[in-house]
Amino acid sequence: MYQTLTITSAQGPLSYDPSPGTFMHSAASSPVYVPTSRVGSMLTSISYLQGTGASQGAHSVNSHWSQATSESSSFNNSSPHTSSRYHYPPSPPMHNGSTRDTGYSSSLTVSSRDQYTPLARSLNGSYGSHYTPYMAPQLTSAWPAGPFDNTMLHSLQSRGAPISVRGAPGDVLDELPESRECVNCGSVQTPLWRRDGTGHFLCNACGLYSKMNGLSRPLIKPQKRVPSSRRIGLACANCHTSTTTLWRRNTEGEPVCNACGLYMKLHGVPRPLAMKKEGIQTRKRKPKTLNKSKSSSSNGNSSHQISMTPTSTTSSTNSDDCIKNGSPSQNTTPVVASSLMSTQQTESTSPNSNTLKYTGQDGLYSAVSLSSASEVAASVRQDSWCALALA
């Protein structure tokens, strides 16, 4: 993926211009080389630095460079041949720096095993191996190879725009719900994910609590109150039982069960241990609805048992009731008796006469009947204690 300075065995043509015009001085005095205007010409091939006396050959130049199959074919010192691009023989190599030239050539010469390394590639941008590369779509060349190919151009060519493999971190979290975590309680599993005001994830419980109360949900659950009948370590000071419906305290402040506390309250002495029972005895209370129905039925029966026949006992009781309720004097009793007798006689003599009854007082005044309106007015005037009858 990244270019190195490793050069494959397929070497390019000679990278210098051996014409006499390129030297600053004459060739006999000092052979100082002046580089040409090409950028990567010095990096493509420095094969003339070999320490041998024979001149180095150059490969033929095509539109692209082909990789050599063996090292011996590309570096053949015994058979010099000229380049097809330049029509003049190459300059002889320098003999005065053989030791230094050998060090340079050893670092830049590629062995036969280096041509199959994954980082080595030819100048045309393709790999030497005949296997199909799996990263080929990302390393495709941006422009086709030309006759001016070199290492510098290919190093710039391979640096294209990186291919985005995955999106932003927020999108990845949305696609992977198991990676979410509640910022309040730390839960990773919830039937519904919610968000707080800042956009952080909350579980369903914390989100609802925050929405309803406006506060963060408390992390510590409140301890449930232990029932009084099952409090750990609590026992009756008298019978030593630990099960009761109600805990009480004796005069000394010690906890006692309901039975011992009631016994001490009623009798003033501690409850004897012989009365202790394993189970809790409760009373069988009758429902209150049955008691109400019975009382209403008894009241109805008593009201229907009142006799409607006019007798002296009823008249006397009625007169007694009137006297107790606030009669002005005791002289009204014979007046009431005489009026009742006169009404009974008129009923027996004239049965077809008009009768007047007071509604709502049939039980008390069922025998009172007057024949005319004048008698009604006279009776009302005489009986001052019956002023409520006009209401």
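Positions of Cβ are set from backbone N, Cα and C atoms, glycine also.
Within the set 36-60, 211-235, 236-260, the record from Swiss-Prot flags 236-260 under the feature zinc finger. Listed ranges 182-206, 357-381; the one Swiss-Prot annotates as zinc finger is 182-206.
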